[in-house]
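Encoded as structure tokens, the structure appears first; notes follow it.
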Amino acid sequence: MQNKIDHKNIKTIGLVTRPNVSLDKEILKLQSILSIYKVELVLFKESSEILDLPKYGLDDLFKISDFVISLGGDGTLISLCRKACEYDKAVLGIHAGHLGFLTDFKVDEAENFFQAFFQGEFRIEKPYLLSVFLEDKQGKILEKLAFNDVVISKNNQASMAHIEVFRKEKKFNEYFGDGLIVATPAGSTAYNLSANGPIVYTLAQAFILTPVCSHSLTQRPIVLPKGFEIEIMAKDCILCIDGQENYKMNDFKSIKVGLSDKNVALIHPKNRDYFQILKEKLHWGN
């Protein structure tokens, strides 16, 4: 993954917007700003039906772009981060709506950001993703990445989930309840937080197991280190990656999850303050 970005030689920047929302006005403003620096803005083909700008499929967009802008909310950025890992490209999150935990500023603030960016005034953070290995009954292994979390929940919401967790073939824990969240530090402020899981600093090399509505008062979230791989077994349950990809657990004989060696480069303003964002979003202090 990129350790730095050569801000002096940026030629092409890709842009992907939140789906099913017209952001043509915001796109044109970004194009106008980037043209000052002789940088071409290219679009994901589904980001605009009207604008006369170069458009590409997602894979081609990543191939030709020096980095990619996510214009939308945290959900838009999360899906892009998994793709960014494939192409070793960085992602910049600009929010179109409410401030997110991952998207730093609005389009109205983009001019100031890029003025600083092209002078080398920015920072790169590289949060780790989860690796998910799904082995089917024929022994074929499907490897997936999760930026935020992997959630195991009951297929039939009227019944209780029974989830067993193993490490090195020894039972590590057993959960009865509505489900189980396996979250990254970046995802600790998402569903994990709603389930009373801990907030873990984004760049920590760890992941979190958080039970959802456990039927036992003694079950509590636990933070596990990088290198600690778990195997999850549960019948009649659904495994969901980042709220976007669903798999029936009955279709697989083995599902293993752990913190990946892969991370994604996120571009931030130099003065970004993670704890100030927490304070604003969670209404800490005055």
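Just so you know, glycine gets a Cβ as well, placed from its N, Cα and C.
Secondary structure from DSSP puts Asp74 (active site, proton acceptor) in a helix. In sequence order, Gly93, Gly100, Phe101, Leu102, Thr103, Ala190 are the residues near Asp74 (active site, proton acceptor), counting only same-chain partners six or more apart with C-beta under 8 A. Under the heading active site, proton acceptor, Swiss-Prot lists Asp74, citing sequence analysis as support.
Residues annotated as NAD(+) binding site in Swiss-Prot: Asp74, Gly75, Asn148, Asp149, Asp178, Ala186, Thr189, Ala190, Tyr191, Asn192, Leu193, Ser194, Gln244. Sequence-distant contacts of Gln244 (NAD(+) binding site), defined as residues of its own chain at least six apart whose C-beta falls under 8 angstroms from its C-beta, comprise Gly75, Ile78, Ser79.
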Secondary structure of Asp178 (NAD(+) binding site) (DSSP, helix/strand/coil): coil
Local Cβ density at Tyr191 (NAD(+) binding site) - other Cβ atoms counted within 10 Å: 20
Binding-site residues: Asn148, Thr189 - member with fewest neighbouring CB atoms within 10 Å: Thr189
Sequence-distant neighbours of Leu193 (NAD(+) binding site) in its chain (C-beta under 8 A, six or more apart): Ile199
Cβ contacts of Asp178 (NAD(+) binding site) (under 8 Å, same chain, 6 or more positions away): Ser153, Lys154, Met160, Ala161, Val212, Cys213
